[in-house]
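Database features, via Swiss-Prot:
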- Arg26, Glu92, Arg131, Lys464: (6S)-5-formyl-5,6,7,8-tetrahydrofolate binding site (BINDING)
- Asn237, Ser256, Ile258, Thr261: K(+) binding site (BINDING)
- 237-242, 256-262, 281-284: GTP binding site (BINDING)
- Ser241, Thr262: Mg(2+) binding site (BINDING)
- 227-385: domain 'TrmE-type G' (DOMAIN)
Amino acid sequence: MNEYDIKDTIAALSTPYSKSALAIIRMSGSKALEIASKICFYANNENKNINNFEHRKSYYALIKDENNIPVDEVIVLSSLSPNTFTSEDTIEFISHGSIVVIDALMNLLIKNGARAANRGEFTYRAYINGRIGISEAEAIHDLIDSNNKLMAEASIYKMRGRLTREIDKLRENIKNSLMLVYGELDFPEDETESFSYDKLIENFEIIKKDIENILSNSKRVENLINGIKVAILGRVNAGKSSIFNMILDRERAIVSNIAGTTRDFLSENIYIENIPFYLMDTAGFHKKADNDIELEGIERAKKCAYESDIILAVFDGSDIANEDDINLIEFLNALENKNIIYILNKSDEDKKFNKEIDNANIINISTKTKDGKDKLISALKDYVSDSDMDIFNKETYVNNRERCYLENGLKQIDICIKKSLESYSLDEVAEEMNILNNILGNVSGKVDAEEVINEIFANFCIGK
């Protein structure tokens, strides 16, 4: 971003570049009001320029070009520095969504002194001018990209500074400890009880625990917003695809009496009471595969099981348990910390399944009559506990960049603790604490890292 002058006035289309009812063009910078006054005329008095833009006011304006030819009738919204998104004077033009009008208006702004904005440059200016931090900027991008209600909510919480406040608390704690260390260094002769290595280590442990909580809570929030992974396993013709279709309430998977219809896994997203689930219908579970394709399908089914949060183990209740059923049960018993729901399918037929499953959560289902469907949906919902939703409402998520810094912060805290335990000189301990402070500062962008910042804003769309 440093290749662009922050003093420039920038303009960009904020809506898609296509024919539509309306289009919004945004302009920000010190010359925004001046440029707007050159091309904006009162719609009911086209010979009079609008040159007294007020804060948070709207104007019905006629846009005219340098030859005094009308371009469009628009709504002009004016917001004055510093109370804007960019903290700069900002003008927004709401025009008709003709590509001809969009091009003409953008060309007029550029001819009169504006510059076409770079990707994410409006958000970049909000960051540079202290309006938002890096974490908030990334949350704006996440909100734009969100594909479910929980993702949008989590992005808004983060955009409003939830993570930054947590990081600020950690850094404040470090700074308070540094003050004690520097006080001891500067006034060693003063006999006070304000400093001790034990007290310093205790404080490091608190900071460490807080970072660990941020990371672990983030994982739980991420599980919710990314979709709870549900793998459907079972032998061939147990009714896995029928269960898959029943949950979706539509015919997504091909259902057939021919063994091995599903060779690879199918996947779909579904929302149950606004909670996203990611369903995976897998290939039939065999003890012995007949060919390489079948073997690959079984391996992929196992991979889905390993990566899932919930496993739906489907058995044909109208048939005697066979070698493949027993093989599946043994596979499931070997898994650790898995939430498994056992389904006896075809409950509308005579029950013949004769294998006992110890301590199992078993649901009898008929995909023909839909009997048992409500119990299955309820069991899926029960996976999300009240504590999960409580954490979602109070905590936030971290992205890969933030997680990397937080994990590095944990390593740096261990160095601080080690040197304090071994009574290193306070100068050395203070140096390690400053490194820790800078690492955490990088999470919210309070420490400048130009290359990283440029990469973040380059991912934004133009006009944001």
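Numbering starts at 1 and runs along the chain as displayed.
Cβ coordinates are placed from backbone N, Cα and C, and glycine is handled just like the others.
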Distance [Cα-Cα, Å, rounded] between Asn237 (K(+) binding site) and Ala283 (GTP binding site): 10
Binding-site residues (Asn237, Ser241), the one with most neighbouring Cβ atoms at 10 Å: Ser241
Ala283 (GTP binding site) to Ser241 (Mg(2+) binding site) - Cα separation in whole Å: 9
Predicted model, mean pLDDT over the domain 'TrmE-type G' (227-385): 82
Among Arg26, Lys240, which are binding-site residues, the residue with the most C-beta atoms within 10 angstroms of its C-beta: Lys240
